[in-house]
Amino acid sequence: LRELEASQRTLLAEHEERIHVLEMERRRLHNDIQELKGNIRVFCRVRPLLPEERERQRGLPHLHFPPQDPRSVVLTRPDDSQVGRERRAELRYDFSFDRVFPPGASQQEIFQEIQLLVQSALDGYPVCIFAYGQTGSGKTFTMEGPEPPGAPERRGMIPRAVRHLFLGARDLAGKGWQYRFSASFLEIYNEALRDLLLAKGERGSELEIRRLAPGSDELHVPNLTWVPVESEEQVLELLVRASSQRSVARTGLNERSSRSHSVFQLRIQGEHPARDLRCASSLTLVDLAGSERLEKSGSVGSRLRETQSINSSLSALGLVISALCNKEAHVPYRNSKLTFLLQNCLGGHAK
């Protein structure tokens, strides 16, 4: 029996070693695949028409989605008649993305395209996902889901991503990994940071972005609320709390327009005690404020200042993404609070 027990222990140790080697190989191959797909990707989602829009126009005749190419969208419009020039039937504009989702695409279809990136966060790589577009284009619905929260199939990217991470962590627990998660929620309004997880009526201290230590490139926000989370339901409660405190207003383009950038961040810390291995990363999901043209939104006074601040920070984000795509030596992170805050989530091996 002792000999049998010793041989079983040896066999068990060999199996554990093999499982560990395969897990590390999976992480390496998974990251190779993600880098081949591109560390920076752009997806395009077209939202369905709202009821009042259906009354004004019949369908979306100017938008075409080639069935054989899920990466393209074609826009057409009638050519304006002009004297002295031959009139063409219509003008055509072709756009290509890493993936295009037509109006009928479900929240689950969108998430399927990003869930491998979410897995990278569990493997130790910083991951950042933005919802970008004009005001009223459905960014908050995509990221958070309907308000109030409805059927599970309509849940947004934030609760789905968190659920995927918790399931992945449980799976890795069988391979010796232990994970801890903590969440924060803040908004950037007129270039000022506001904690969205404070209790109602509670006044928080002024938030600033600081370096973790002198000479360090790591940034953090002292006094920001971080809440330990262990389930998707806890994150949904935080979403509701944060949503009730976010800066929104009515504009000429949108009944309830988000006037700030909302930044949800999940800090992930994993360790394998038996092998003395550790990994730390973050998953950042950003619902950007909607861009808008001043002549269309009719913004004046404080709405005007908000619009100018929003458009300025979105331009700064565009410059940062462009510099990263072109692998430029200098990336202008400090041009806005948004890009400075997310500096650690955008450069290096981040996705």
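Backbone N, Cα and C atoms are what each Cβ position is placed from, and that goes for glycine too.
As annotated in TrEMBL, coiled coil covers the listed stretch 12-39 rather than the other ranges in 12-39, 40-67, 208-235. The average pLDDT for the domain 'Kinesin motor' (39-351) in the predicted structure is 85. For GLY138 (ATP binding site), applying a Cβ distance below 8 Å and a minimum sequence separation of six or more within one chain yields ARG45, ARG47. Residue counts for the region 'Disordered' (57-81) under DSSP, split into helix (H, G, I), strand (E, B) and coil, are 0 helix, 9 strand, 16 coil. Distant neighbours of the region 'Disordered' (57-81): 44, 46, 49, 87-100, 102-103; these residues of the same chain sit at least 6 beyond its ends, with a Cβ under 8 Å from one of its Cβ atoms.
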